[in-house]
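What TrEMBL records for this protein:
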REGION    1-26  region 'Disordered'
BINDING   Tyr125, Arg129  substrate binding site
BINDING   His252  heme binding site
Amino acid sequence: MSAPDRPAPDRSGAARPGAPDRDAPEQAYTDFTRSLSYGDYLQLDTLKSAHRPVTDAHDEHLFIAVHHVSEVWLDLIIRELRAAMDQLALGITDAPLKGLTRVVRAQEQLTNAWEVLKTMTPADYLSFRSAFGQASGFQSASYRMVEFLLGNRHAVLARPHEHRPDLHGPLTDALHGPSVYDLTLRLLDARGLNVPAEVLNRDPSQPPQLNEAVLNAWITVYRQPDTYWDLYELAEKLLDVEDNFRRWRFNHLTTVERTIGFKSGSGGTSGAGYLRRALETVLFPELWEVRTRL
Ligand code: HEM
């Protein structure tokens, strides 16, 4: 954080005899009786108060920290995705690239979190497994929101939130609203690239299906990048997002297999088998298929 009301530091390197050492830590503000400190601004007491292991197991702390950090990144991703989608809905193609780039970078942080969690052995995990009963990331409302905004739509995935209207309401809205890809296809159509009405008016609560006419539209874009540069860039950025999503899923599965093997998940699914099937999800089918057809 900077202090705009301070004079610019003297970079001449010449310390005048008797002058205070501007680079010394004593120059920092230390009295926060009447102004906002770092911890106040960030509400660190509130943030840290949520970090409450229920056992004495050493690794429960790590387990909670990685989940908390992941949830914060997921919320940032939702915010950036929504902003990008608002711009796409207005027909803007360049500004969303900035937000989507931020999504991609945040996804990298999410994926890196597995590296820390993988230091936990099966025995470490079992030392606190009893603490969380049927709780599972399957019930992460933010993760579901990211999936719904990206277009992986299955009504059943919102069900764990039925007891929380504040979470279930926005998820249901997202389930029935356009995905980031639906909005992109509208832009394609607006450019005269002929997206069929049945795609533009499709039931948004269903996952996308590959459509030959949409594929042909993307083939045109990918064969003439100079003519359709903004759509071309947008498509590649969306592919980056899906690419990173796949990496997160894969690393999750690997971490799960090395931690609990093929035991069922705490959320009630088959565990690794369920997660392995999720690897087959395709968010933007034509953007993958276009590579084969070029
Ligand atoms: C060793 C640690 C972990 C284990 C053993 C584990 C295990 C599992 C399992 C077995 C599932 C399938 C659903 C079920 O519970 O039946 C699942 C789902 C999920 N987990 Fe984890 N998980 C771990 C860490 C994490 C972390 C750190 C996150 C971060 C947010 C996370 C997020 C999720 C999400 C979002 C799902 C739903 C995936 C989907 O439906 O496609 N998990 N987890």
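Glycine too: its Cβ is placed from the backbone N, Cα and C atoms.
Positions of TrEMBL features highlighted on the structure.
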residue : record                 : Cβ neighbours (10 Å)
Tyr125  : substrate binding site : 18
Arg129  : substrate binding site : 18
His252  : heme binding site      : 20
Q) Distance between Tyr125 (substrate binding site) and His252 (heme binding site) at the Cα atoms, whole Å? A) 15
**Q.** His252 (heme binding site) - helix vs strand vs coil (DSSP)
**A.** helix
Q: Whole-number Å only: compute the distance from the Cα of Arg129 (substrate binding site) to the Cα of His252 (heme binding site).
A: 17
